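**Q** My questions all concern the structure below.
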Amino acid sequence: MAEYKDTLNLPNTSFPMKASLSVREPEMLADWQAKGIYQKIRKARVGSKRFILHDGPPYANGHLHCGHALNKILKDIIIKSKTFSGFDAPFVPGWDCHGLPIELNVEKKVGKAGSKISPREFRAKCREYAASQIDIQRDEFQRLGVLGDWYNPYVTMDYHYEANIVRALGLMIKNGHLQQGFKPVHWCIDCGSALAEAEVDYEDKTSPSIDVAFSAVNPSEFLNCFETQPAVKPLILPIWTTTPWTLPANEAVCLHPEIDYALIDAGNSYYIVATDLVESVMARYGISHYKTSGFAKGRVFEHFKLQHPFYKRQVPVVLAEHVTTESGTGCVHTAPAHGPDDYLVGQSYQLPLINPVMANGCFAENVELFAGISVLKANETILAVLSERNVLLASESIRHSYPHCWRHKSPMIFLATPQWFISMDKSNLRQAIINEIDKVNWVPDWGKARISNMVENRPDWCISRQRSWGTPMPLFVHKTTRELHPDTLELIERVAVMIEKSGIDAWFDLDSSELLGDDAKHYDKITDTMDVWLDSGISHYSVLKHNNDLDFPADVYFEGSDQHRGWFNSSLTTAVAMYGVAPYKTVLTHGYTVDAEGKKLSKSKGNYVALDKLVNQHGADILRLWVASTDYRHEVSISEEIIKRNADAYRRIRNTARFLLANLFDFNPASDCIDAKELLELDRWALKRCQLLQEEIITAYENYHFHLIYQKIHNFCAVDMGSFYLDLIKDRQYTTAKDSIARRSCQTAMYHMVKAFTIWLAPILSFTAEEIWQTIPGNNSESIFIEHWYNAWPTIDAVNMEDWEQLHIVRDEVNKALEETRQRGEIGSALAAEVTVYADAKVLPKLTRLGEELRFLFITSEAKACPISQSPKGLAVTDCGVSIQVTASVHEKCARCWHRREDVGQNQEHPELCLRCVGNISRYHEERLYI
């Protein structure tokens, strides 16, 4: 038997079955870096049309997690697929470097700026820390197989970038969008600074829920508004609030002008509440006996006076549209210093804007009753005062969603402070942004409604911060008028030049007289820094417009769904404020990473999946396959079990590639490829199937439908290849003569297929695709990533794909019949069987034209096709209209091909072989036409 084994063309390859990705991937990464593969990709696409995916900068703090991996791998898939499509698709990664998280980490080591360390030294430590974090994250991103200009990234703390932030501010000032104001802003007491909306998280919090009586100064003027002319007695407008600490700042009670309000007679006093809320309000107050004495619109009470519940001052009734009847009383406590709606109402009625709370969250010393008390602890004291004055109508605790600082996880407050704002309406910026939103392609399309809603409802953007580590606002304001210096734009450019040379310390170290001369004594130098969302938001200016390898606007921005209120928003706002257009053509959004049950990943919950552990255990390509396998438009689940399933899918893909490579061990494409006209029909079918599939895959890449690519490739490996083509060609590949047309036809097809297949994989399974590419025979390019989509297909005559689809279906039915026969113990392998297929007039010609090669379709020792009319009685008809009869072969088994044939032993020189094998090991080359 051994001598016949040596006559077979058994597969052989150096491409290992075991991937060992955690070992091979770092070696390949080092090889890419040593060869400068990214630079060579760029060189190969010089002069091609550009495609710009602009990277949203991750924060330079801490190791990467699975959300980072999801984002960067998705971007990498896009960049690589666009490169294969012929685009020059550079990828310039970025990092966001200023701001509080870095300050906090540095504070842990050296203390607060200005106490144990000077602000200048503190900023140097922040810069040093951010640089160290970039080094860590750069290595971790590269380990994921993400190609890019990693050693020329954009970094928001680079001097030239900081200078451009300042210049961007100048452009927005020039266009009339900056204004200063004393307005309520999100304020974190722990940070001691204003917060951007994107820095606010909403979490559940237990708060007091109280109703407070505001008594009418002159009940008669209220009662006269009701047609019933009720008798005069005390009258109360009750308010409901969950922030009792804001009551010292109350300046009005707000009603809705068009809501119907009811006059409730409760015996000793009247109450005016929204008609829709009467029942719930009276129940809350424990008042069961009452009557309604009249109705009136809210607008009729405008300017009437009420008594503040614990101060001597009187406050007016005012009107506004934000009042609802969803909860409360329909009468809204209004403190202009502590809320954006309250502030706007206050502005329209010129209410006093008095802020009783200091930056540290404590009431100022001049605040009657509550001086020095922290607002976070003041509620109990305020409730006691209200109760003592008999104005506390109801009190309970509720659990509700409340804004918290994203970093400290502590409840934040609204606090009126002097700040700088990008006005949304001063120069019609809001409408201009909305107009630009309509021009952008939003994927998924709900992104458009989401960001539109945010823009329509957002207040002015507070861009000033009271922090040490950030880009300064290089402004001078007049000490008396508080107006900006008349030469502000010129001064900003001079400061930008200084920062470009020496960094942000150039401003903080600057003596005002250096720029203003004698004028300096009349001006205050602003010490605020800018919101970090402005830092990253102007990357379209500092990066896209200042890097010659990039273009503005970008083709794509691609980030998580939280960036509709973050980077998408700040980028859009600044771009429109600076030059009137959106910075992107398409915005893609992916969901959050969650566990298998859709819950947020958390170390405390025990469902956290460590990225480094996944990569070290499974390899980056398994993680990349996980990314591609999910529909990123929704939340993306990850767990050890999900990764293991992807590892199983990976093995099927790898084994498909390995089979193709192993059967090309003696194939030289330069000399062994055969003419397309000589290809067997099955090989032509396989090539045509690949060409059609490639069109589908390219379309899916262009539409960013990566999960469809995963499904198509997996189906191709499992169905088209694994259970059909690769199974059928084994006999021909192994048993026919080495240089026969039949075998070289198969190898020619496999050569084209493995090259195309590997390029399909490359954007997703980058390391594995490169490994396959280096094993494919022939003179291939240095790296697969320099290639285009495969286009060296043989010119194939028309192949009837429907016929082969039908043959595939019949084969599946035959396999079922063979398995049933095997289960009954009548046969062992399929080669121990002979099959007769009885088919109708539609299917029969497709089978009979294969002639003797029909048995190779079923991988049985004998097969024939007959009209269905000849089918034995009782033989079941399958869904595809055929009947199948399986019998055990009575013939001897060929020692070489294992087929059981009547002619085994007829050749005396090779008594163990069938005549087909005798011919294949001698001068006779078996001829095949179809399979």
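Glycine residues also receive a Cβ, built from the backbone N, Cα and C atoms like all the rest.
Pasting the relevant annotations from Swiss-Prot:
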- 58-68: motif ''HIGH' region' (MOTIF)
- Glu559: L-isoleucyl-5'-AMP binding site (BINDING)
- 600-604: motif ''KMSKS' region' (MOTIF)
- Lys603: ATP binding site (BINDING)
- Cys894, Cys897, Cys914, Cys917: Zn(2+) binding site (BINDING)
**Q** Please report the DSSP secondary structure of Cys917 (Zn(2+) binding site), reduced to three states.
**A** helix
**Q** Write out, in the order they occur in the sequence, the residues of the chain not among Cys894, Cys897, Cys914, Cys917 that have a C-beta within 8 Å of the mean position of the C-beta atoms of the recorded Zn(2+) site.
**A** Thr735, Ala895, Arg896, Trp898, His899, Arg901, Val904, Leu913, Leu915, Arg916, Val918
**Q** If you compare CA-to-CA distances from Lys603 (ATP binding site) to each of the binding-site residues Glu559, Cys894, Cys897, Cys914, Cys917, which comes out shortest?
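**A** So, spelling it out, the nearest of the binding-site residues is Glu559.
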**Q** Determine how many residues of the motif ''HIGH' region' (58-68) DSSP places in helix, in strand and in coil.
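**A** Here the numbers are 3 helix, 1 strand, 7 coil.
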**Q** Is it possible to get the count of other C-beta atoms within 10 angstroms of the C-beta of Cys897 (Zn(2+) binding site)?
**A** 22
**Q** Far apart in sequence but close in space: which same-chain residues, 6 or more away, have a Cβ under 8 Å from Cys894 (Zn(2+) binding site)?
**A** Arg900, Arg901, Val904, Glu912, Leu913, Cys914, Arg916, Cys917
**Q** Sequence gap of 6 or more, C-beta under 8 Å: which same-chain residues meet both conditions with respect to Glu559 (L-isoleucyl-5'-AMP binding site)?
**A** Gly56, Asn71, Gly566, Trp567, Phe568, Leu588, Thr589, His590
**Q** Can you check how the pLDDT averages out over the motif ''KMSKS' region' (600-604)?
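**A** Per the prediction, mean pLDDT sits at 78 for the motif ''KMSKS' region' (600-604).
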**Q** I'd like the number of other C-beta atoms within 10 A of the C-beta of Cys914 (Zn(2+) binding site), please.
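**A** I count 28 other Cβ atoms within 10 Å of it.
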**Q** On the three-state reduction of DSSP, what should I expect for Glu559 (L-isoleucyl-5'-AMP binding site)?
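**A** Note: Glu559 (L-isoleucyl-5'-AMP binding site) is in a strand by DSSP.
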